[in-house]
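Participant: Annotations per TrEMBL:
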DOMAIN    158-281  domain 'Heparan-alpha-glucosaminide N-acetyltransferase catalytic'
TRANSMEM  83-103  transmembrane segment
TRANSMEM  164-180  transmembrane segment
TRANSMEM  200-221  transmembrane segment
TRANSMEM  233-252  transmembrane segment
TRANSMEM  272-290  transmembrane segment
TRANSMEM  311-331  transmembrane segment
TRANSMEM  392-413  transmembrane segment
TRANSMEM  422-440  transmembrane segment
TRANSMEM  460-479  transmembrane segment
TRANSMEM  491-508  transmembrane segment
TRANSMEM  528-546  transmembrane segment
C-alpha cells in the first residue's frame, strides 16, 4: 500500500532509452508509466528485478489512433546468483565440522590419544602411564569439552541446553549486527513480517527469563534472604541499563557527555528493565516448595501454573495496558489504533504517524532527540519521524516474552528429571502460542488484527517468537541434556559469556580484525567473509575464555 514515487522523467527521444535508474531487488515493484499530459496513465507493469541485473523497459505504441501503449521488460544482462557465497560458506563450515568430528573419533583410539597427549605434555603422561591408574581415561584426555563435570549427575543444576540456546541467539545477533553479508533476510524487516534478524533478540529475552527462574530458585534454596536477592536484582538491572546508555550507544562517538542527542532506549536497557520486573515478580510471589512439586495440588497437570496465579494476573494487566494504549490512546494527526509505518505507507495518508501510540509515548516521555533516529522503516517507507524499536510501550511486551521464558524455567523445576513431561509441556506451550498468533494475525502478514511486528514488539510478535522459542528449546534440551548427542559446542561457549561477547562486539565493531577496508563494497562475498570472520572470532574468544575459566557476570 505504498504510494507511487517518481522514479525518472524520460525526455522525448527518437533513439533508445535515455534514462538509467537503480531499482530495489528485495520486493516486486510496480512500475507505472504516465504520459506528459496530467493523469494520462499509459501502462503499468509488475516485475521482480534481480540483483546486479541490467534491464530495459521497452515502450511501444501499438495504435496511434487510440493511444494504445505496450510495456515490456527486456533483460540486457542476467542478474547474478547472490546466494552462492552463502552456499560456499556453508560448505566451508561443514568441512570444519567434519574435521572436528573425525578428530574426536580418532582421539578415542587409545594409542593415538596417548601419543598426542605425550607430545603435548610428556611429563604428565609418563606419570599417568607409570602410575597404578594405568592409561589416561576419556575424562583425562584432551577434548573440546574441558569441563566433563557438567555432565555428571552430581552437578546437573546447570543445564547446558540453556547456555547453548543463549549462545545460538547471541551468535546470530552478532552476525546480524555486523551486517549479515548485506542480505536482506539478515536485516530487520522494514515493518510487518519476519526475517532471521528479527528472531534473535526475543529469544535472548526468553532464555533470560528461563535463567531467572532457575537462578532465583537456586539462591533461595541455598539460604539467601529475599532482601539480599532483591539487592542483587536491583544492582544487575542498574548495571545493564548503565552499560546500555553509556557504552553500547550509537551516539557515544560524539563524546561521553553528548546528552543532547543521547539515545535513552536500547537493547541492554530493555534487558535491564525486563530483568528487573520479571525477577522481582518471581521473587515476590515465589512459594517454598512450589518449584519442586512439594505443594499439594488439586490439579497436578497445572502445577507449573496455578501456584503462580498472582504473577499471571500482573502480566495480563500489563498486556491490557499495552492493548489500551496502542488502540485507544489519541495521537495528534493520526487515526486511533494506527499500527502502520507512516511515510509513503498506507498510500501516504499518514506520513508522520510512524509507530502510532508507541512512538508518540516515546517522544512525549523521552523527547524526540533521545530515541532512535534511523529506524528500519525509513528506507522502504521513506519515513521522516524518529522511532525507537526498544521504546517504552514495546518493553511491556518484552516483559511478557521474558515471563514466558520464566514459565519454561518453572516447567524444568516442577518436573525435575522427568524429561518426557518437560518436553511435552514445551510442545504444548508452543502449540498454544502458535494458535494465539494465528488468531491475532489471521495467518497473514498484513491483514490480521495485530500483525507480527518487531519494531512495535506487537503481541502477535511475542506469541510467534515464543512458539519458536519453546520448539527450539525442546530440540536443544533433547539433544544436549537428554540424549547428550551434542555438547552444545560451539554455541555453548559464547552462551557462558554472553554479556562480554555482546558488549565486546559492539565496542570493537569497527576495529581490525573484525572489520577491514573492502575492495568491492557491493560484493556479498566480501561482506559475508568479513561478517563471518568477525563472528567466528568472537566464538573463538569465548572458547578461550571458557578454557581459562574467565566469565564476566553482572
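Easy rule for this one: first residue shown is 1, then count along the chain.
Including glycine, each Cβ sits where the backbone N, Cα and C put it.
Annotations in TrEMBL come from automatic prediction, not curation.
Owing to the predicted nature of the structure, the values given are computational and were not obtained by experimental measurement.
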Participant: For the transmembrane segment (392-413), which partner among 164-180, 200-221, 460-479, 491-508, 528-546 gives the most CB pairs under 8 Å?
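Facilitator: The stretch with the most close Cβ contacts to the transmembrane segment (392-413) is 200-221.
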Participant: Excluding the flanking five residues on each side, which residues at least 6 beyond the ends of the transmembrane segment (83-103) place their CB within less than 8 Å of a CB in that stretch?
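Facilitator: Residues 144, 181, 183, 524-525, 528-529, 532.
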Participant: With pairs 6 or more apart in sequence, are the transmembrane segment (200-221) and the transmembrane segment (311-331) linked by at least 3 Cβ pairs under 8 Å?
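Facilitator: No, since the transmembrane segment (200-221) and the transmembrane segment (311-331) share fewer than 3 Cβ pairs closer than 8 Å, they do not count as touching.
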Participant: Per-residue pLDDT averaged over the domain 'Heparan-alpha-glucosaminide N-acetyltransferase catalytic' (158-281) comes to what?
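Facilitator: Averaged over the domain 'Heparan-alpha-glucosaminide N-acetyltransferase catalytic' (158-281), the predicted model reaches a pLDDT of 88.
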Participant: Cβ under 8 Å, sequence separation of at least 6 from the ends of the transmembrane segment (311-331): give me the contacting residues as numbers and ranges.
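Facilitator: Cβ under 8 Å, 6 or more out: 281-282, 285, 305, 337-339, 353, 356-358, 360-361, 393, 396-397, 399-400, 403, 456, 459.
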Participant: Of the residues in the domain 'Heparan-alpha-glucosaminide N-acetyltransferase catalytic' (158-281), how many are helix, strand and coil by DSSP?
Facilitator: 91 helix, 1 strand, 32 coil
